[in-house]
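Enquirer: What TrEMBL shows for this protein is this:
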| type | residues | note |
| --- | --- | --- |
| BINDING | H99, H239, H243 | Zn(2+) binding site |
| TRANSMEM | 52-72 | transmembrane segment |
| TRANSMEM | 78-101 | transmembrane segment |
| TRANSMEM | 176-196 | transmembrane segment |
| TRANSMEM | 202-220 | transmembrane segment |
| TRANSMEM | 241-258 | transmembrane segment |
Amino acid sequence: MAFLNGPRLLDWANSPPHLQFNKYVLTGYRPISSVQECIKSLFYLHNELGNIYTHGIPLLCFLVLLPLNIPWSQISVMWLGVVHFLACLSPQLGSVVYHLFMNHEGGEPIYKTLLTLDMCGICMINTLGALPIVYSTLLCYPFTRTVALLIYILLSSYAIYCAITARSRVRRLRSFAWQALFRFSFFLLRWIGVGGGSPTSLRHFLTMDALAVLGGVINITRIPERFRPGLFDYWCNSHQIMHVLVVVSILYLHWGVLDDLLWINTYHCPSD
Ligand SMILES: [Zn+2]
């Protein structure tokens, strides 16, 4: 991907202070750049290139392939399909913009805005991504379903506020924890047989959350670069591993939601 000769890259100590968030990545920092220079950085090697492409390529693939893969004609609740599609795109969209422009000449204020955008992408998949799960779990309880959807949206709005105002990575991650708990309560309802949903989807959703948690832990613990600082500056560092795990986790969400959407179309509640 290194088509162009880029500018002289900086080491950790000489990079802008707001970009010094991983002391185990020693080299490959882009200098402060204009919008055009940031875009040009898509074509030469630097330490954010892997982060941009590990979410950029899946973003383009999802944009084209997901609408083709969703069986629209067999879905009875169309808005769930649309919400699911938007949920799958949102984390990569925020992430690509954040990683591409994080060294913008606007400095720390621009960096913080971009970080907020990245966080919003994660919040959006946590929020929108769970709506089809809540809907199908409570398919046969329309009133409870509406109340649960409203509560989840309201509480998610508060989680978004917490995530974008959090000062540390750990706090930021913690603000997503209750959303995960809410999801788990629905998984529990399915597991004990009270909640609805396709029999195959629960396994997909549990795999999804396990991969996302694993990605979060790897990102926070800075594994593997903490053991060999400098060796993973360009490729295979913790953040890139997390990006890949997030994409695989979204695929599991997609497979689970597809199963549920088709299940909704064929299932008849006992009271019907
Ligand atoms: Zn990222």
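One-based numbering along the chain as shown.
Using the three backbone atoms N, Cα and C, a Cβ is placed for every residue, glycine included.
Just so you know, TrEMBL annotations never went through curation; they're auto-generated.
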Enquirer: Among 78-101, 176-196, 241-258, which stretch has the most Cβ pairs under 8 Å to the transmembrane segment (202-220)?
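Expert: Comparing 78-101, 176-196, 241-258: 241-258 has the most Cβ pairs near the transmembrane segment (202-220).
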Enquirer: Counting only residues 6+ away in sequence within the same chain, which have a CB under 8 Å from the CB of H239 (Zn(2+) binding site)?
Expert: N22, N51, N219
Enquirer: What is the Cβ neighbour count of H243 (Zn(2+) binding site) at a 10 Å cut-off, with all protein chains included?
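Expert: Here the count is 23.
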Enquirer: Around the Zn(2+) site (H99, H239, H243), what further same-chain residues have their C-beta within 8 angstroms of the site's C-beta centre?
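Expert: Those within range, site residues removed, are E48, G50, N51, I52, T54, H55, S95, Q240, M242.
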Enquirer: Sequence gap of 6 or more, C-beta under 8 Å: which same-chain residues meet both conditions with respect to H99 (Zn(2+) binding site)?
Expert: E48, N51, I52, H55
